[in-house]
Amino acid sequence: MPSVDDVLEQVGEFGWFQKQAFLNLCLTSVAFAPIYVGIVFLGFTPDHRCRSPGVAELSQRCGWSLAEELNYTVPGLGPAGQAFPRQCRRYEVDWNQSTLGCEDPLAGLAANSSHLPLGPCQYGWVYDTPGSSIVTEFNLVCEAAWKVDLFQSCVNVGFFVGSMGIGYIADRLVGSSASWPPPHQCRLGRPDAVAPDYVSLLVFRLLQGLVSKGSWMAGYTLITEFVGLGYRKTVAILYQTAFSVGLVLLSGLAYAVPHWRSLQLAVSLPIFLLLLCYWFVPESPRWLLSQKRNTQAIKIMDRIAQKNGKLPPADLKMLSLEEEVVTERLSPSFLDLFRTQNLRKYTFILMYLWFTSSVLYQGLIMHVGATGGSLYLDFLYSALVEFPAAFVILLIIDRFGRLYLLAGSNLLAGAACFFMIFISHDLHWLSIVAACIGRMGITIVFQMVCLVSAELYPTFIRNLGVMVCSSLCDLGGVVAPFLVFRLTEVWRGLPLVLFAALGLVAGGMSLLLPETKGVALPETIEEVERLGRKAKPRDNMIYLQVKMPEPAGL
């Protein structure tokens, strides 16, 4: 009986049908980018100072320039270590009193302005930006600055819950295309733009996370199931590269639309176009076969043949899953991930790699917004380096193997973060170059750890293993905002110290995994154990054929 891969070899492994489905699903990957990293623009914190009643009138009466107004009325202006008093405290002075002069108005109140009492910003803030963000609208600064971190953490909590929930729905209840939820992603993106208060914004952000990553994962799985074996690696990498296209588009869109509500609408409304694509993506024939819906699977394979201009094989009606030859099916259990010594080691290492890849990836993106340069250009530069990262993977993965590429990329990202610690604040361009190098390294890690995870687990717990390990990626995204923004307040280089340590340790731990290049996917836990003892690629095996002499007289 032919399998799906056997039929694809005859009707086209990457023909017109697959290309059309690939393009449609890539739109989902593009649309996911603003949700994943939109915090850089939605939560941008501009320079700010306390609003003091009477200052504007006094400045106008005295004819002060902006620099003079700040010098006379804002405490702690100047020294780098005085950011908190400058942005979060005000002089407790009645600026409306007539005794204040225009030349150093505070001189008559105290010999030194540092002796004047300071108070909280009870009248709000003045923000030095022509646009707006959730920070400027809801005053998420000073003592409330942690609420920006919570805003980003909420979407990652949604990723964590939603990816498992939609994965369960896709596997248990409906087909992959039916679980592909761009309509819900669009509906839940629009309320963000009209949220009346901060609490409502958090709720909508959480709900958006529930469906958005599941949408991306469903598309990833679906397109790899439609193409032949020889195209799966390339298609998977290019699907993730479409996410990078979304990053580039986001930087230009954020520059053109500097107001956060309008930006949120701009990135949500185009998802309506995905509704048109939704009807052109059928269910996965592999999933249909696993649900014993062979007739529907055969119809879809026949449709693929017609779209590709090929004739379906004569034995198409006997289409089946390769797994059907197995008479006994094992039931996966969470404990199976830790059942043996090698499997335990691989699981813990992969969990750490998923966690660190998320922390470094999101951390480097958010760190760009805290460096003080051109937010839009810096974001664009760091997004562009993801394209050569995909090219590097396609070029050398089959030549050098998985482990060296995974370990080397982790070490590169960690070393780049370590180097950034010692770069002077005046050399902003050098800091961006180092950040881009680190970003390229961690982008490679993100794509490689997904591949290695799938290749190390035996078949009956492969989906479970990848799901559990990748959930650490979402947990990393939950803590990353707090690590970046709160540690930066202590010392600008402190997040980089942590990122460097995580990346360098991850590089060393990657070498403890077995090489899977050219090795058949393990079917049982016993095969995983043998893989750990001697991870010899199939390409290095030598087969000898012994020809026996023919018996005499024949």
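Placed from the backbone N, Cα and C atoms, the Cβ positions cover glycine too.
Since we're looking at a predicted model, the values are computed, not measured.
Swiss-Prot marks one residue of Asn71, Asn112 with the annotation N-linked glycosylation site, and that residue is Asn71. If you check Swiss-Prot, you'll see Gln306 and Gly518 are listed on the same side of the membrane. When the topological domain 'Cytoplasmic' (1-24) is classified with DSSP, helix, strand and coil residues number 17 helix, 0 strand, 7 coil. Across 25-45, 235-255, 403-423, 432-452, stretch 432-452 shows the highest tally of CB pairs under 8 A with the transmembrane segment (377-397). Cα of Asn71 (N-linked glycosylation site) to Cα of Asp474 (site 'Important for interaction with positively charged substrates'): a distance of 44 Å.
A contact between the transmembrane segment (403-423) and the transmembrane segment (25-45) is absent, since fewer than 3 of their C-beta pairs, 6 or more residues apart, lie under 8 Å. If you look at the transmembrane segment (493-513) against the transmembrane segment (432-452), you find at least three C-beta pairs under 8 angstroms, all six or more positions apart, and that counts as contact.
Ranked by number of Cβ pairs under 8 Å to the transmembrane segment (25-45), the listed stretches 235-255, 348-368, 432-452, 465-485 are led by 235-255. At the 8 Å Cβ threshold, with sequence separation of at least 6, the transmembrane segment (465-485) comes into contact with the transmembrane segment (348-368) through 3 or more pairs.
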